[in-house]
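Chemist: Here it is, the structure in full.
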Amino acid sequence: MYQRMLRCGAELGSPGGGGGGAGGRLALLWIVPLTLSGLLGVAWGASSLGAHHIHHFHGSSKHHSVPIAIYRSPASLRGGHAGTTYIFSKGGGQITYKWPPNDRPSTRADRLAIGFSTVQKEAVLVRVDSSSGLGDYLELHIHQGKIGVKFNVGTDDIAIEESNAIINDGKYHVVRFTRSGGNATLQVDSWPVIERYPAGNNDNERLAIARQRIPYRLGRVVDEWLLDKGRQLTIFNSQATIIIGGKEQGQPFQGQLSGLYYNGLKVLNMAAENDANIAIVGNVRLVGEVPSSMTTESTATAMQSEMSTSIMETTTTLATSTARRGNSPTKEPVSQTTDDILVASAECPSDDEDIDPCEPSSGGLANPTRAGGREPYPGSAEVIRESSSTTGMVVGIVAAAALCILILLYAMYKYRNRDEGSYHVDESRNYISNSAQSNGAVVKEKQPSSAKSANKNKKNKDKEYYV
């Protein structure tokens, strides 16, 4: 298209196309708008691209109240009810998930992630138990205001705790736990990952430790049993129940729990969907899909009022409405955390920089912000949407091309009519000149003037000059 337009401009600029100066001016008439329109289209596309950048800056502070590590979550975990939140009020409550008897898993590795806010110093958040008689379990708890995990997969109780982070401050926190055999890792928010490697780094060494606890007099029968048991010392056998809330353990949790993920199960989402394998008892109330991350003042007020349902509900509603309206001049920014952050962190616990540019089902990752400041948290994602920018650029280029074609057609039409008029005028002049040459009378009238000039030349020749 552009080559054809250039050829048309060259023809108009040639001597046979309407004059060199006029053709040059005509070329400028459509080249300049073409350039300007193209730049406009590119600028439009660039502005669309810039409008869809979400910049989250990286910081270095460790003391904060929301998660910073955002990992790539599997595609199967990005739908559904993201960030389902339950409030456990005064008196405690409990959400229990039971595996069907014929579908109880035995796992060598486990992954657990959950968001919460509370002011309690002692509570049990989540506990997973094996079938009756096996004794395997995994428990996430708060002890003296510190978060920790305790589990047993066939030998002794193994404990791991984050002793540096205070989590009973009423702020929103995220905890991630992974287990592989007897080894475990624990991370709270953006604090460094804590690793726990118990004595006996392989099955044989751990089997030897277990054998020492069995009386020797039991003999060969026990040895054979230990050999079989040794292959299971790293396996969480026949998991039967997931208990959320700690009421059954005598340490009921009071506060908010959000987005629980355990080995592919999003239990709180299932509870909100009235799953047949889930039972809810006690003072437990569903809040909504967006976990409310409350400020220190609002959460402390709610907790000091004995976790009143009405106060907690009002605070949560206020936080949710504030998040929808955006940052208010008089309110602190409200952070939001979706299940994508929790679930993905459990799926990829060793990769802190694997950030997903794709969008969650609800329209983008949340922007974690500090509860008492304006600065975003480190490790956040930069999400770029290029579809709108591409559309804007294409529309701009098409508009520029259409405008240039219209200008070129109008200019060609105008100069074509002007050239035809000039041709008629030149033809009439040639006709008058030819008629004058063919008219004998007119020629005769001009003959006396020619005779006079001849006589004058003769007189000049007759003159004599003297020096």
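Keep in mind that glycine also has a Cβ here, set from the backbone N, Cα and C atoms.
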Chemist: Need one residue: from Val119, Val153, Val174, Val267, the one Swiss-Prot lists with Asp136, Ile235, Asn237 for Ca(2+).
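Modeler: For Ca(2+), Swiss-Prot names Asp136, Ile235, Asn237; of Val119, Val153, Val174, Val267, the listed one is Val153.
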Chemist: For the region 'Essential for interaction with CBLN1' entry in Swiss-Prot, name the matching range from 20-49, 200-229.
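Modeler: Comparing 20-49, 200-229 with Swiss-Prot, region 'Essential for interaction with CBLN1' matches 200-229.
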Chemist: Do me a favour and check the Cα-Cα span between Asp136 (Ca(2+) binding site) and Asn183 (N-linked glycosylation site); whole Å is fine.
Modeler: 15
Chemist: Any idea which of the binding-site residues Asp136, Val153, Asn237 has the thinnest Cβ neighbourhood at 10 Å?
Modeler: Asn237
Chemist: Cα-Cα, whole number of Å: Asn237 (Ca(2+) binding site) versus Asn183 (N-linked glycosylation site)?
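Modeler: It is 16 Å, counting Cα to Cα.
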Chemist: 10 Å Cβ neighbour count around Ile235 (Ca(2+) binding site)?
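Modeler: Excluding its own Cβ, Ile235 (Ca(2+) binding site) sees 15 Cβ atoms within 10 Å.
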